[in-house]
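Q: Annotated transmembrane segment per TrEMBL: 12-32, 44-65, 77-96, 108-128, 140-173, 185-205, 265-284, 291-314, 320-337, 344-362, in sequence order.
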Amino acid sequence: MSAGSLDSYYSFLAGGVGSLGRPLSLLTFAFQNESWPDPHDFKVVNYIIHAVNFLLVFTLILNLTRATRPTTTANSSCILLFLGLVIAFIWAASPIHQTTIQYVVQRMAMLAAFWMLVGINLWIYLLYISGFKTADFRLGLASASVLLCTVLAVLSKENGILLPLLCAVVFFVKPPEKCVSRPLRILSINAVLSPLYLLIALFVVEYQKYFIDAYAFRDFSLTERLLTQFRILPLYAIKTLYPVGQDFFLLWDNFPVSQSLLNPITTLLGLALIAVGLLVAFFVRKRFPLVAIGILFFLAAHLLESSVLALELYFEHRNYLPSVGLFIVLAGVAVELPRKVLPIVAGGAAIFSLIFSFVTYHEAQIWGDPLKQSVRWYHENPTSPRTHSHMASMLVSYQLYGKAGDFYAETIEEFPDNVTKPLAWLELSCVNHSATPVPEKLLYQRAQIAKYDKNAVNTLSSIIDKLESGRCPAGTAGKVLKTSLLLLENEKFGRGRAFVDLNVAAAKIYFYAGELDKAKQHLADAVERSKRPDVLFAAVQVAIAAGEHSNAVVLYQILESRCGMSIDPQCVELKPGIEELEQKLKMGGERAG
């Protein structure tokens, strides 16, 4: 971590994705900064984390077996040990995990899973297996351990907050037999569940943000998302347990939405499967506790990302930890089999693990050839905007600029209400001036009718960055400006963050063209809607350039009040520029005096 300042590292760690920024995960990336942009070393670390998680899953299966079957004989324990190892290996070798391991940023999901596996293993060991000190002491220690691991898991990825729920599943399916005082039991369980109480309180207080505003930018409603998950959860399970012939793609942005329980009919079938699973878990919890724990583990671990939050519909990395529950079910079935058939079952499981390994090896080979992978993903799912964008970006990264331009020209009509595609095509001209240019008429027509897509704003910003560095051909600035203005008139874009960003984009173009009055007007509109530090910073810059010292001072004071002592990552990143603005204002004040 020798390169960069402390401020830049703070901005990186605190400015991540998600509600809390996931700083623990980002810290691991920061330690590998010298490996960037080569993904090899990052993937090696991901595989190491996955290997450690394999050992933790193996330990979890053993701990659960010991907790639920304390009378296992010594003769069968060795076979059960081997069987548990094989089952854990099948989990680790499951091809569905390749999109988690190979897609470097999903280290976040793996690290959260690591802390959750550590936490639940400690919980089970201390409450059901250990003889350390008194039962009351062990319950207190287990509760503290779970809370600590929950914090560490959440700092890796937000779904780590479900660790207390997973521990509660084990506790209520198989209550500890060792005597614990009732007051301490109630206190400890509520302490362990306190993060979930806080989460529920947050959702109640911020209901508008999470369940109204967030869905305004989605193509599906809360009800439609929930209905679609009834199909997705069984699909996760099927692809985990039967990987042969399955498609393991990273990009599923066009996953079909369920309109009702009967449209499609598989929605009702999926709901029925989930309901049956819950009923089975309830009725077998005493006779076959491992089976019940496994079913509930799978469903509970999916509760945050696969229910009502306005997240995208389908991602296979969401199944990384929940899939452990499916293998706990297998272990629960195995331990109930007659002892004489266990060696046969263990041998069959070992053969099954080889099949998983073969399919996984094939998937890993595809990840090793990004261009070939992008072609495969696109041809298998050509209606996905992301597979299309990924294919184009791979052609550009391999410097196949002519093919990239031809690809846009041949496929652009597949996305008639998407403006991001023609904008990306326009950006291609900044990378290679000889590539097939985007037709202006097409670009402007799309800007008028396009559905909202945050990637369009991101692409506009990327083009402006290239304009500022002089990489774009003549006329690009005019195209960007007209597109921004048309998008502002498009009611699907002229709202929320898009309104602010589009005004900032237009202001930048006007500023570089010397039309300061128009730049000021667009920034004034942006500032009226949002007091984001970057918007205020741009407004101060334009006011100084226009010679409006008093207005610049007023805007700077707002910026200073927003960022003065703030640890907001954007403020930290802008700190050198803010100090430069302060000096310019002082010099301007002295001249005015």
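Just so you know, the numbers here start at 1 and follow the chain as drawn.
Every residue, even glycine, has its Cβ placed from backbone N, Cα and C.
Where the annotation comes from TrEMBL, it is an automatic prediction and has not been curated.
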Q: With Cβ distances under 8 Å as the criterion, find the stretch in 44-65, 77-96, 108-128, 291-314, 344-362 that has the most pairs with the transmembrane segment (140-173).
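A: When the Cβ pairs under 8 Å are tallied, 108-128 comes out ahead.
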Q: Same chain only, please: residues at least 6 beyond the ends of the transmembrane segment (185-205) with a C-beta under 8 Å from a C-beta of the stretch. Say none if there are none.
A: 139-140, 142-143, 146-147, 150, 154, 161-162, 164-165, 167-168, 171, 211
Q: Under 8 Å, at least three CB pairs between the transmembrane segment (77-96) and the transmembrane segment (291-314) (pairs 6 or more apart)?
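A: Not in contact, no.
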Q: Any residues 6+ beyond the ends of the transmembrane segment (44-65) with a Cβ under 8 Å from its own?
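A: Apart from its flanks, the transmembrane segment (44-65) reaches 28, 32, 72, 80-81, 84-85, 87-89, 91-92, 97, 101-102, 104, 106-107, 110-111, 113-114, 117-118, 120-121, 124-125, 128-129, 170, 290, 293, 324, 327-328, 331, 335.
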